[in-house]
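Listed in TrEMBL:
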{"type": "DOMAIN", "residues": "3-107", "note": "domain 'HPt'"}
{"type": "MOD_RES", "residues": "His50", "note": "phosphohistidine"}
{"type": "DOMAIN", "residues": "188-420", "note": "domain 'Histidine kinase'"}
{"type": "DOMAIN", "residues": "422-569", "note": "domain 'CheW-like'"}
Amino acid sequence: MSQLALPQEVFDEFLSENREALDHIERKLLQLEETPKNQALLNEIFRYMHTVKGNCRMVGFERLESLGHQAENLLDLVRNHKLIVDEAIGTLLLEVLDSLRNALDRVAQERSDDGMVFTHLIQQLQQAAACAETATDETYLETTTQGIHLDLESTAPTTETATAEALGEKAGLQTIRLSIDKLDSLMDMVGELAASYNQLRFGVLHGSDHTTQHLEALEQHIHTLQDEILQYRLQPIGHVWETYHRLIRDLAIATGKKVMLNLTGEETEVDRSILLSVKDFMVHLLRNAVDHGLETPEQRKQAGKSVVGKIQLEASRRHGWILLSIADDGRGLELNNLRKRALEQGMITPDEAATMGEQALCALILRPGFSTRGEVGTISGRGTGMDAVSAAVQKIGGTLRIYNTPGQGTRFLIRIPQTMAIVPALIAHVGVSRYAIPQNSVVELLSYYDAQVATHLENKLQTPMVRVRDQLLPLLDLECILEECVPQKAEHALHYLQQQQALHLVVVQAEERRFALRVTSIDEPVSLVVKPMPHVFKSVQMLSGSAVMPDGSISFLLNVAELSQIFSTSRPLDRSPDNAAKKQ
(Lines of atoms letter the chains of each structure in order from A and count residues from 1; the text may use other names and numbers.)
(Lines give C-alpha, C1' and ligand atoms only; values in the text may rest on other atoms or scores of the structure.)
Protein backbone atom coordinates (compact mmCIF):
# COMPACT_ATOMS: atom_id res chain seq x y z
CA MET A 1 0.00 0.00 0.00
CA SER A 2 1.07 3.62 -0.41
CA GLN A 3 1.91 5.79 2.56
CA LEU A 4 -0.96 6.14 5.02
CA ALA A 5 -2.88 9.41 4.78
CA LEU A 6 -4.02 9.90 8.37
CA PRO A 7 -3.81 12.95 10.62
CA GLN A 8 -0.74 12.62 12.83
CA GLU A 9 -2.74 12.65 16.08
CA VAL A 10 -4.95 9.78 14.82
CA PHE A 11 -1.90 7.79 13.71
CA ASP A 12 -0.18 8.36 17.07
CA GLU A 13 -3.30 7.09 18.84
CA PHE A 14 -3.31 3.98 16.62
CA LEU A 15 0.30 3.22 17.56
CA SER A 16 -0.23 3.90 21.26
CA GLU A 17 -3.40 1.81 21.53
CA ASN A 18 -1.89 -1.18 19.74
CA ARG A 19 1.36 -1.10 21.70
CA GLU A 20 -0.60 -1.09 24.94
CA ALA A 21 -2.78 -3.94 23.68
CA LEU A 22 0.26 -6.06 22.77
CA ASP A 23 1.82 -5.42 26.19
CA HIS A 24 -1.44 -6.46 27.82
CA ILE A 25 -1.65 -9.65 25.74
CA GLU A 26 1.91 -10.56 26.72
CA ARG A 27 1.24 -10.16 30.45
CA LYS A 28 -1.90 -12.28 30.26
CA LEU A 29 -0.24 -14.88 28.04
CA LEU A 30 2.54 -15.43 30.58
CA GLN A 31 -0.13 -15.89 33.26
CA LEU A 32 -1.97 -18.33 31.00
CA GLU A 33 1.10 -20.56 30.73
CA GLU A 34 0.81 -21.06 34.49
CA THR A 35 -2.97 -21.63 34.42
CA PRO A 36 -3.74 -22.90 30.88
CA LYS A 37 -7.44 -23.55 31.58
CA ASN A 38 -8.24 -20.05 32.84
CA GLN A 39 -11.16 -19.14 30.58
CA ALA A 40 -11.30 -15.51 31.73
CA LEU A 41 -7.68 -14.98 30.67
CA LEU A 42 -8.32 -16.70 27.34
CA ASN A 43 -11.29 -14.47 26.58
CA GLU A 44 -9.35 -11.33 27.51
CA ILE A 45 -6.37 -12.26 25.32
CA PHE A 46 -8.68 -13.05 22.40
CA ARG A 47 -10.48 -9.69 22.72
CA TYR A 48 -7.24 -7.72 22.71
CA MET A 49 -5.86 -9.63 19.71
CA HIS A 50 -9.16 -9.00 17.90
CA THR A 51 -8.78 -5.28 18.66
CA VAL A 52 -5.23 -5.22 17.25
CA LYS A 53 -6.35 -7.01 14.09
CA GLY A 54 -9.31 -4.66 13.67
CA ASN A 55 -7.18 -1.55 14.17
CA CYS A 56 -4.72 -2.71 11.51
CA ARG A 57 -7.55 -3.40 9.07
CA MET A 58 -9.11 0.00 9.77
CA VAL A 59 -5.94 1.89 8.73
CA GLY A 60 -5.18 -0.45 5.81
CA PHE A 61 -2.16 -2.40 7.12
CA GLU A 62 -3.12 -5.66 5.40
CA ARG A 63 0.05 -7.59 6.26
CA LEU A 64 -0.26 -6.78 9.95
CA GLU A 65 -3.96 -7.63 9.82
CA SER A 66 -3.19 -11.03 8.24
CA LEU A 67 -0.70 -11.91 10.97
CA GLY A 68 -3.15 -10.81 13.66
CA HIS A 69 -5.92 -12.83 11.99
CA GLN A 70 -3.90 -16.06 12.04
CA ALA A 71 -2.99 -15.51 15.70
CA GLU A 72 -6.65 -14.87 16.45
CA ASN A 73 -7.60 -18.18 14.75
CA LEU A 74 -5.13 -20.05 16.95
CA LEU A 75 -6.41 -18.35 20.09
CA ASP A 76 -9.96 -19.27 19.10
CA LEU A 77 -8.93 -22.93 19.07
CA VAL A 78 -7.43 -22.50 22.53
CA ARG A 79 -10.60 -20.79 23.69
CA ASN A 80 -12.68 -23.72 22.36
CA HIS A 81 -10.51 -26.28 24.21
CA LYS A 82 -8.91 -27.78 21.11
CA LEU A 83 -5.44 -26.58 22.10
CA ILE A 84 -3.65 -25.57 25.27
CA VAL A 85 -1.03 -22.87 25.72
CA ASP A 86 2.05 -24.85 26.69
CA GLU A 87 5.65 -23.69 26.28
CA ALA A 88 5.66 -24.32 22.52
CA ILE A 89 2.38 -22.55 21.76
CA GLY A 90 3.30 -19.78 24.19
CA THR A 91 6.64 -19.23 22.44
CA LEU A 92 4.90 -19.06 19.06
CA LEU A 93 2.35 -16.50 20.24
CA LEU A 94 5.04 -14.42 21.96
CA GLU A 95 6.98 -14.37 18.71
CA VAL A 96 3.85 -13.04 17.00
CA LEU A 97 3.70 -10.23 19.58
CA ASP A 98 7.37 -9.39 19.01
CA SER A 99 6.87 -9.28 15.25
CA LEU A 100 3.85 -7.01 15.59
CA ARG A 101 5.77 -4.69 17.93
CA ASN A 102 8.69 -4.46 15.52
CA ALA A 103 6.25 -3.85 12.67
CA LEU A 104 4.61 -1.00 14.59
CA ASP A 105 8.02 0.58 15.18
CA ARG A 106 8.69 0.37 11.45
CA VAL A 107 5.32 1.77 10.33
CA ALA A 108 5.81 4.59 12.83
CA GLN A 109 8.70 5.71 10.62
CA GLU A 110 7.45 4.68 7.17
CA ARG A 111 3.64 4.92 7.64
CA SER A 112 3.38 1.80 5.46
CA ASP A 113 3.64 -1.99 5.87
CA ASP A 114 5.00 -2.52 2.35
CA GLY A 115 7.79 -5.06 2.22
CA MET A 116 6.91 -6.69 5.54
CA VAL A 117 6.92 -10.49 5.28
CA PHE A 118 5.52 -12.83 7.93
CA THR A 119 5.31 -15.96 5.77
CA HIS A 120 7.24 -18.32 8.06
CA LEU A 121 5.39 -17.15 11.17
CA ILE A 122 2.00 -17.45 9.50
CA GLN A 123 2.89 -20.99 8.36
CA GLN A 124 3.73 -21.91 11.95
CA LEU A 125 0.38 -20.56 13.14
CA GLN A 126 -1.46 -22.41 10.39
CA GLN A 127 0.37 -25.67 11.16
CA ALA A 128 -0.49 -25.43 14.85
CA ALA A 129 -4.13 -24.77 13.98
CA ALA A 130 -4.22 -27.69 11.53
CA CYS A 131 -2.77 -30.09 14.13
CA ALA A 132 -5.40 -29.00 16.65
CA GLU A 133 -8.26 -29.31 14.14
CA THR A 134 -7.36 -32.89 13.11
CA ALA A 135 -6.43 -34.24 16.56
CA THR A 136 -8.94 -36.27 18.61
CA ASP A 137 -9.86 -35.23 22.12
CA GLU A 138 -7.55 -37.90 23.55
CA THR A 139 -4.54 -37.12 21.42
CA TYR A 140 -4.60 -33.40 20.58
CA LEU A 141 -2.29 -32.35 23.41
CA GLU A 142 0.48 -34.77 22.50
CA THR A 143 0.11 -34.33 18.71
CA THR A 144 0.12 -30.56 18.64
CA THR A 145 2.87 -30.15 21.20
CA GLN A 146 5.24 -32.50 19.40
CA GLY A 147 4.65 -30.87 16.03
CA ILE A 148 5.10 -27.34 17.26
CA HIS A 149 8.23 -28.14 19.24
CA LEU A 150 9.88 -29.44 16.10
CA ASP A 151 9.02 -26.37 14.07
CA LEU A 152 9.93 -23.89 16.78
CA GLU A 153 13.47 -25.06 17.38
CA SER A 154 14.76 -22.33 15.09
CA THR A 155 12.69 -19.67 16.85
CA ALA A 156 13.50 -20.56 20.47
CA PRO A 157 14.32 -17.44 22.49
CA THR A 158 18.02 -16.57 22.50
CA THR A 159 20.27 -14.07 24.19
CA GLU A 160 20.23 -10.49 22.97
CA THR A 161 17.23 -10.73 20.63
CA ALA A 162 15.06 -12.28 23.30
CA THR A 163 16.04 -9.57 25.73
CA ALA A 164 15.47 -6.73 23.30
CA GLU A 165 12.16 -8.08 22.07
CA ALA A 166 10.93 -8.82 25.56
CA LEU A 167 11.56 -5.27 26.67
CA GLY A 168 10.61 -3.45 23.48
CA GLU A 169 11.67 0.09 22.67
CA LYS A 170 12.27 2.87 25.17
CA ALA A 171 9.74 5.00 23.34
CA GLY A 172 7.00 4.02 25.77
CA LEU A 173 8.83 5.76 28.60
CA GLN A 174 9.24 8.95 26.57
CA THR A 175 5.51 9.72 26.48
CA ILE A 176 2.92 10.35 29.15
CA ARG A 177 -0.86 10.58 29.19
CA LEU A 178 -2.61 13.19 31.30
CA SER A 179 -6.27 13.32 32.20
CA ILE A 180 -8.33 16.41 31.37
CA ASP A 181 -8.51 17.19 35.09
CA LYS A 182 -4.71 17.33 35.34
CA LEU A 183 -4.45 19.54 32.28
CA ASP A 184 -7.10 21.86 33.76
CA SER A 185 -5.11 21.97 37.00
CA LEU A 186 -1.95 22.94 35.09
CA MET A 187 -3.85 25.61 33.21
CA ASP A 188 -5.15 27.07 36.48
CA MET A 189 -1.59 27.25 37.81
CA VAL A 190 -0.39 28.99 34.66
CA GLY A 191 -3.22 31.49 35.13
CA GLU A 192 -2.08 32.20 38.67
CA LEU A 193 1.48 32.64 37.43
CA ALA A 194 0.30 35.13 34.82
CA ALA A 195 -1.68 37.07 37.41
CA SER A 196 1.30 37.22 39.79
CA TYR A 197 3.57 38.35 36.94
CA ASN A 198 1.16 41.13 35.96
CA GLN A 199 0.93 42.34 39.57
CA LEU A 200 4.71 42.29 39.91
CA ARG A 201 5.16 44.12 36.60
CA PHE A 202 2.63 46.77 37.60
CA GLY A 203 4.38 47.23 40.96
CA VAL A 204 7.80 47.66 39.36
CA LEU A 205 6.54 50.15 36.77
CA HIS A 206 4.55 52.22 39.26
CA GLY A 207 6.78 52.01 42.31
CA SER A 208 4.31 50.01 44.40
CA ASP A 209 5.11 49.18 48.02
CA HIS A 210 3.82 45.62 47.49
CA THR A 211 6.50 44.50 45.02
CA THR A 212 8.12 42.16 47.55
CA GLN A 213 4.76 40.52 48.30
CA HIS A 214 4.08 40.04 44.59
CA LEU A 215 7.55 38.53 44.13
CA GLU A 216 6.92 36.07 46.98
CA ALA A 217 3.55 35.12 45.50
CA LEU A 218 5.17 34.50 42.10
CA GLU A 219 7.82 32.34 43.73
CA GLN A 220 5.16 30.30 45.53
CA HIS A 221 3.21 29.70 42.31
CA ILE A 222 6.38 28.59 40.54
CA HIS A 223 7.15 26.07 43.31
CA THR A 224 3.58 24.74 43.20
CA LEU A 225 3.73 24.26 39.43
CA GLN A 226 7.16 22.68 39.76
CA ASP A 227 5.94 20.17 42.34
CA GLU A 228 2.88 19.31 40.27
CA ILE A 229 4.91 18.63 37.12
CA LEU A 230 7.38 16.51 39.09
CA GLN A 231 4.49 14.36 40.29
CA TYR A 232 3.38 13.85 36.69
CA ARG A 233 6.88 12.66 35.78
CA LEU A 234 6.83 9.94 38.43
CA GLN A 235 5.88 6.47 37.27
CA PRO A 236 5.47 3.22 39.23
CA ILE A 237 8.55 1.09 38.70
CA GLY A 238 6.22 -1.84 38.10
CA HIS A 239 5.48 -0.47 34.62
CA VAL A 240 8.98 -1.55 33.67
CA TRP A 241 9.30 -4.56 35.95
CA GLU A 242 6.25 -6.30 34.51
CA THR A 243 8.22 -6.84 31.29
CA TYR A 244 10.82 -8.86 33.22
CA HIS A 245 8.53 -11.88 33.47
CA ARG A 246 8.92 -12.38 29.73
CA LEU A 247 12.67 -11.87 29.96
CA ILE A 248 13.04 -14.45 32.74
CA ARG A 249 10.85 -16.94 30.84
CA ASP A 250 12.99 -16.69 27.71
CA LEU A 251 16.27 -16.88 29.65
CA ALA A 252 15.07 -19.92 31.58
CA ILE A 253 14.26 -21.73 28.32
CA ALA A 254 17.59 -20.73 26.76
CA THR A 255 19.61 -21.97 29.77
CA GLY A 256 17.50 -25.04 30.58
CA LYS A 257 16.82 -23.76 34.09
CA LYS A 258 13.64 -23.37 36.11
CA VAL A 259 13.24 -19.83 37.43
CA MET A 260 10.59 -18.01 39.46
CA LEU A 261 10.59 -14.20 39.58
CA ASN A 262 8.96 -12.46 42.55
CA LEU A 263 8.32 -8.70 42.62
CA THR A 264 7.78 -6.48 45.67
CA GLY A 265 7.21 -2.74 45.77
CA GLU A 266 6.07 -2.32 42.16
CA GLU A 267 4.08 0.76 43.22
CA THR A 268 7.28 2.66 44.14
CA GLU A 269 7.41 5.77 41.97
CA VAL A 270 10.53 6.90 40.10
CA ASP A 271 11.15 9.77 37.69
CA ARG A 272 10.86 8.65 34.07
CA SER A 273 14.36 9.82 33.17
CA ILE A 274 15.84 7.62 35.90
CA LEU A 275 13.52 4.76 35.00
CA LEU A 276 15.21 4.55 31.60
CA SER A 277 18.57 3.90 33.25
CA VAL A 278 17.06 1.46 35.75
CA LYS A 279 15.49 -0.50 32.91
CA ASP A 280 18.85 -1.04 31.24
CA PHE A 281 21.03 -2.06 34.17
CA MET A 282 18.36 -4.24 35.82
CA VAL A 283 18.16 -6.32 32.63
CA HIS A 284 21.88 -7.00 32.87
CA LEU A 285 21.61 -7.98 36.54
CA LEU A 286 18.70 -10.33 35.80
CA ARG A 287 20.57 -11.99 32.94
CA ASN A 288 23.61 -12.49 35.16
CA ALA A 289 21.43 -13.90 37.94
CA VAL A 290 19.96 -16.54 35.62
CA ASP A 291 23.17 -17.34 33.73
CA HIS A 292 25.77 -17.07 36.51
CA GLY A 293 23.89 -17.13 39.80
CA LEU A 294 21.30 -19.90 39.56
CA GLU A 295 22.32 -23.53 39.21
CA THR A 296 20.79 -26.08 36.83
CA PRO A 297 17.91 -28.19 38.22
CA GLU A 298 20.28 -31.14 38.65
CA GLN A 299 22.84 -29.06 40.56
CA ARG A 300 20.15 -27.58 42.80
CA LYS A 301 18.75 -31.02 43.55
CA GLN A 302 22.21 -32.29 44.53
CA ALA A 303 22.63 -29.25 46.81
CA GLY A 304 19.33 -30.03 48.53
CA LYS A 305 17.53 -27.03 47.03
CA SER A 306 14.26 -26.75 45.15
CA VAL A 307 14.83 -27.33 41.44
CA VAL A 308 13.14 -23.96 40.83
CA GLY A 309 15.55 -21.07 41.34
CA LYS A 310 14.15 -17.87 42.83
CA ILE A 311 14.94 -14.26 41.94
CA GLN A 312 13.50 -11.56 44.19
CA LEU A 313 13.15 -7.94 43.00
CA GLU A 314 12.27 -5.32 45.62
CA ALA A 315 11.81 -1.56 45.50
CA SER A 316 11.24 0.85 48.39
CA ARG A 317 11.64 4.53 49.25
CA ARG A 318 13.75 5.69 52.19
CA HIS A 319 14.90 9.19 53.17
CA GLY A 320 14.40 10.57 49.66
CA TRP A 321 16.22 7.67 48.00
CA ILE A 322 14.92 4.69 46.04
CA LEU A 323 16.33 1.34 47.18
CA LEU A 324 16.39 -1.49 44.63
CA SER A 325 17.30 -5.03 45.60
CA ILE A 326 17.84 -8.01 43.31
CA ALA A 327 18.61 -11.29 45.06
CA ASP A 328 18.91 -14.88 43.89
CA ASP A 329 19.11 -18.13 45.84
CA GLY A 330 21.84 -19.57 43.65
CA ARG A 331 25.45 -20.60 44.22
CA GLY A 332 26.73 -17.19 45.31
CA LEU A 333 30.11 -15.73 44.44
CA GLU A 334 33.15 -17.95 44.97
CA LEU A 335 35.52 -15.50 46.68
CA ASN A 336 38.65 -17.60 46.23
CA ASN A 337 37.90 -17.86 42.52
CA LEU A 338 37.44 -14.08 42.32
CA ARG A 339 40.78 -13.55 44.07
CA LYS A 340 42.52 -16.05 41.76
CA ARG A 341 41.09 -14.55 38.56
CA ALA A 342 41.94 -10.99 39.63
CA LEU A 343 45.54 -12.06 40.23
CA GLU A 344 45.71 -13.84 36.87
CA GLN A 345 44.37 -10.74 35.09
CA GLY A 346 46.82 -8.45 36.90
CA MET A 347 44.10 -6.40 38.59
CA ILE A 348 45.49 -6.83 42.10
CA THR A 349 48.87 -7.58 43.61
CA PRO A 350 49.60 -10.66 45.78
CA ASP A 351 49.80 -8.39 48.85
CA GLU A 352 46.39 -6.90 48.08
CA ALA A 353 44.93 -10.37 47.44
CA ALA A 354 46.08 -11.51 50.87
CA THR A 355 44.44 -8.61 52.73
CA MET A 356 41.21 -8.04 50.76
CA GLY A 357 38.00 -8.48 52.72
CA GLU A 358 34.72 -9.92 51.47
CA GLN A 359 33.29 -6.59 50.27
CA ALA A 360 36.46 -5.72 48.36
CA LEU A 361 36.53 -9.16 46.72
CA CYS A 362 32.86 -8.91 45.67
CA ALA A 363 33.54 -5.44 44.25
CA LEU A 364 36.10 -6.97 41.86
CA ILE A 365 33.28 -7.97 39.50
CA LEU A 366 32.53 -4.25 39.03
CA ARG A 367 35.96 -3.53 37.56
CA PRO A 368 36.26 -3.03 33.78
CA GLY A 369 37.39 -6.17 31.98
CA PHE A 370 37.07 -8.49 34.96
CA SER A 371 35.69 -11.92 34.06
CA THR A 372 35.39 -15.31 35.72
CA ARG A 373 34.77 -17.01 32.38
CA GLY A 374 37.21 -18.21 29.79
CA GLU A 375 34.65 -18.99 27.11
CA VAL A 376 32.02 -16.81 25.49
CA GLY A 377 28.47 -17.53 26.67
CA THR A 378 25.33 -16.82 24.69
CA ILE A 379 23.44 -15.16 27.55
CA SER A 380 26.00 -12.86 29.16
CA GLY A 381 29.12 -13.18 27.05
CA ARG A 382 32.24 -13.87 29.11
CA GLY A 383 30.64 -12.61 32.29
CA THR A 384 31.87 -9.07 31.74
CA GLY A 385 29.67 -5.98 31.82
CA MET A 386 29.13 -5.44 35.54
CA ASP A 387 31.39 -2.39 35.24
CA ALA A 388 28.78 -0.93 32.88
CA VAL A 389 26.09 -1.54 35.52
CA SER A 390 28.21 0.19 38.16
CA ALA A 391 28.90 3.13 35.82
CA ALA A 392 25.19 3.49 34.97
CA VAL A 393 24.26 3.55 38.67
CA GLN A 394 26.94 6.13 39.47
CA LYS A 395 25.93 8.27 36.48
CA ILE A 396 22.55 8.97 38.08
CA GLY A 397 24.13 9.61 41.49
CA GLY A 398 23.49 6.15 42.89
CA THR A 399 25.48 3.51 44.73
CA LEU A 400 25.78 -0.27 44.37
CA ARG A 401 26.69 -2.81 47.05
CA ILE A 402 27.02 -6.59 46.82
CA TYR A 403 26.08 -9.03 49.59
CA ASN A 404 27.15 -12.62 49.15
CA THR A 405 26.46 -15.92 50.91
CA PRO A 406 28.39 -18.76 49.25
CA GLY A 407 26.08 -21.62 48.33
CA GLN A 408 22.96 -19.59 49.13
CA GLY A 409 22.93 -16.65 46.74
CA THR A 410 23.90 -13.08 45.94
CA ARG A 411 22.11 -9.78 46.57
CA PHE A 412 22.73 -6.47 44.80
CA LEU A 413 21.50 -3.41 46.68
CA ILE A 414 21.21 -0.24 44.60
CA ARG A 415 20.42 3.22 45.95
CA ILE A 416 19.30 5.88 43.44
CA PRO A 417 17.63 9.30 43.70
CA GLN A 418 13.90 9.45 43.01
CA THR A 419 14.37 12.25 40.52
CA MET A 420 17.19 14.14 38.83
CA ALA A 421 15.00 16.83 37.28
CA ILE A 422 15.01 19.24 40.25
CA VAL A 423 17.56 18.62 43.00
CA PRO A 424 17.77 20.48 46.34
CA ALA A 425 21.47 21.18 46.66
CA LEU A 426 24.03 22.94 48.81
CA ILE A 427 26.23 25.38 46.91
CA ALA A 428 29.92 25.12 47.79
CA HIS A 429 32.67 27.42 46.57
CA VAL A 430 35.75 25.44 45.58
CA GLY A 431 38.60 27.71 44.63
CA VAL A 432 37.25 30.03 41.94
CA SER A 433 34.34 27.75 41.02
CA ARG A 434 31.02 26.72 42.52
CA TYR A 435 29.73 23.17 42.80
CA ALA A 436 26.38 21.79 43.94
CA ILE A 437 26.21 18.97 46.51
CA PRO A 438 22.88 17.07 46.64
CA GLN A 439 21.27 17.75 50.00
CA ASN A 440 20.19 14.15 50.46
CA SER A 441 23.92 13.29 50.70
CA VAL A 442 24.78 16.04 53.23
CA VAL A 443 25.04 15.05 56.90
CA GLU A 444 26.27 18.31 58.45
CA LEU A 445 28.32 21.48 57.90
CA LEU A 446 31.35 22.32 60.02
CA SER A 447 33.89 25.15 60.30
CA TYR A 448 37.13 24.31 62.13
CA TYR A 449 39.87 26.69 63.20
CA ASP A 450 43.33 25.31 63.90
CA ALA A 451 41.95 21.84 63.20
CA GLN A 452 44.31 18.93 63.62
CA VAL A 453 44.46 16.99 60.35
CA ALA A 454 45.94 13.54 60.81
CA THR A 455 46.87 10.74 58.45
CA HIS A 456 45.62 7.22 58.19
CA LEU A 457 46.98 4.34 56.16
CA GLU A 458 44.18 2.84 54.05
CA ASN A 459 44.74 0.68 50.97
CA LYS A 460 48.35 1.88 50.95
CA LEU A 461 47.18 5.44 50.35
CA GLN A 462 48.04 8.11 52.91
CA THR A 463 44.54 9.49 53.43
CA PRO A 464 44.14 12.81 55.32
CA MET A 465 41.75 12.44 58.27
CA VAL A 466 39.91 14.97 60.40
CA ARG A 467 38.38 14.42 63.83
CA VAL A 468 34.67 15.23 64.01
CA ARG A 469 33.81 14.96 67.70
CA ASP A 470 34.89 11.40 68.57
CA GLN A 471 35.11 10.09 65.02
CA LEU A 472 37.95 10.23 62.51
CA LEU A 473 36.63 10.89 59.02
CA PRO A 474 38.54 10.69 55.71
CA LEU A 475 39.06 14.21 54.39
CA LEU A 476 38.95 15.05 50.69
CA ASP A 477 40.11 18.47 49.53
CA LEU A 478 37.84 19.33 46.61
CA GLU A 479 40.11 22.17 45.57
CA CYS A 480 42.97 19.71 45.04
CA ILE A 481 40.78 17.32 43.09
CA LEU A 482 38.56 19.59 41.02
CA GLU A 483 40.65 22.71 40.57
CA GLU A 484 44.10 21.10 40.61
CA CYS A 485 45.49 24.09 42.51
CA VAL A 486 48.06 21.88 44.24
CA PRO A 487 49.59 18.50 43.36
CA GLN A 488 47.15 15.63 43.84
CA LYS A 489 49.54 13.27 45.60
CA ALA A 490 48.27 12.43 49.07
CA GLU A 491 51.33 13.64 50.98
CA HIS A 492 51.19 17.05 49.28
CA ALA A 493 47.44 17.35 49.90
CA LEU A 494 48.03 16.55 53.58
CA HIS A 495 50.73 19.22 53.90
CA TYR A 496 48.46 21.75 52.15
CA LEU A 497 45.57 21.00 54.49
CA GLN A 498 47.73 21.29 57.58
CA GLN A 499 48.74 24.83 56.54
CA GLN A 500 45.11 26.05 56.46
CA GLN A 501 44.06 28.05 59.50
CA ALA A 502 40.36 27.51 58.82
CA LEU A 503 38.61 24.48 57.36
CA HIS A 504 35.08 24.65 55.99
CA LEU A 505 33.82 21.09 55.80
CA VAL A 506 30.76 19.40 54.34
CA VAL A 507 30.24 15.97 55.88
CA VAL A 508 28.57 13.69 53.35
CA GLN A 509 27.54 10.06 53.20
CA ALA A 510 27.46 7.56 50.33
CA GLU A 511 25.98 4.23 51.42
CA GLU A 512 27.86 3.23 54.59
CA ARG A 513 30.87 5.48 53.93
CA ARG A 514 30.90 8.88 55.64
CA PHE A 515 33.62 11.41 54.84
CA ALA A 516 34.32 15.14 54.83
CA LEU A 517 34.76 17.48 51.88
CA ARG A 518 36.93 20.54 52.35
CA VAL A 519 35.52 23.57 50.49
CA THR A 520 36.42 27.26 50.34
CA SER A 521 33.05 28.53 51.54
CA ILE A 522 29.37 27.55 51.60
CA ASP A 523 26.27 29.34 50.28
CA GLU A 524 22.59 28.84 51.03
CA PRO A 525 20.92 25.71 49.58
CA VAL A 526 18.87 26.11 46.39
CA SER A 527 16.66 23.92 44.19
CA LEU A 528 18.39 23.35 40.87
CA VAL A 529 16.93 22.30 37.54
CA VAL A 530 19.53 19.70 36.59
CA LYS A 531 20.47 19.01 32.99
CA PRO A 532 22.69 16.21 31.63
CA MET A 533 26.39 16.91 31.53
CA PRO A 534 27.59 18.59 28.30
CA HIS A 535 29.25 16.13 25.95
CA VAL A 536 32.66 17.72 26.44
CA PHE A 537 32.54 16.79 30.15
CA LYS A 538 31.15 13.24 29.78
CA SER A 539 34.43 11.68 30.95
CA VAL A 540 34.33 13.47 34.33
CA GLN A 541 32.54 10.84 36.41
CA MET A 542 32.68 12.92 39.58
CA LEU A 543 30.07 15.24 38.06
CA SER A 544 26.53 14.00 37.40
CA GLY A 545 24.79 17.07 35.96
CA SER A 546 24.82 20.81 35.36
CA ALA A 547 22.51 23.66 36.33
CA VAL A 548 22.09 27.37 35.70
CA MET A 549 22.54 29.42 38.88
CA PRO A 550 20.37 32.45 39.77
CA ASP A 551 23.09 34.80 38.49
CA GLY A 552 23.20 32.98 35.12
CA SER A 553 26.45 31.10 35.70
CA ILE A 554 26.80 27.32 35.37
CA SER A 555 27.32 25.03 38.35
CA PHE A 556 28.10 21.30 38.27
CA LEU A 557 26.40 18.72 40.47
CA LEU A 558 28.88 16.54 42.38
CA ASN A 559 28.49 12.76 42.31
CA VAL A 560 29.12 11.95 45.97
CA ALA A 561 29.04 8.19 45.32
CA GLU A 562 31.86 8.54 42.80
CA LEU A 563 33.88 10.75 45.16
CA SER A 564 33.65 8.06 47.84
CA GLN A 565 35.47 5.64 45.56
CA ILE A 566 38.69 7.65 45.97
CA PHE A 567 39.11 6.18 49.45
CA SER A 568 38.50 2.57 48.41
CA THR A 569 40.47 2.28 45.17
CA SER A 570 43.88 3.25 43.93
CA ARG A 571 42.73 4.31 40.49
CA PRO A 572 43.78 7.74 39.16
CA LEU A 573 41.57 10.64 40.12
CA ASP A 574 39.24 12.02 37.45
CA ARG A 575 40.19 15.11 35.53
CA SER A 576 38.71 18.49 36.31
CA PRO A 577 36.09 19.98 33.95
CA ASP A 578 38.60 22.47 32.59
CA ASN A 579 41.07 19.73 31.68
CA ALA A 580 38.32 17.61 30.19
CA ALA A 581 37.38 20.46 27.89
CA LYS A 582 41.00 20.99 26.86
CA LYS A 583 41.39 17.36 25.81
CA GLN A 584 38.41 17.46 23.44
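The backbone N, Cα and C atoms fix where each Cβ goes, and this holds for glycine too.
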CB contacts for the residue listed as 'phosphohistidine' [other CB atoms within 10 A, all chains]: 17
Across the domain 'Histidine kinase' (188-420), average pLDDT on the 0 to 100 scale: 87
Residue distribution over DSSP helix, strand and coil in the domain 'HPt' (3-107): 87 helix, 0 strand, 18 coil
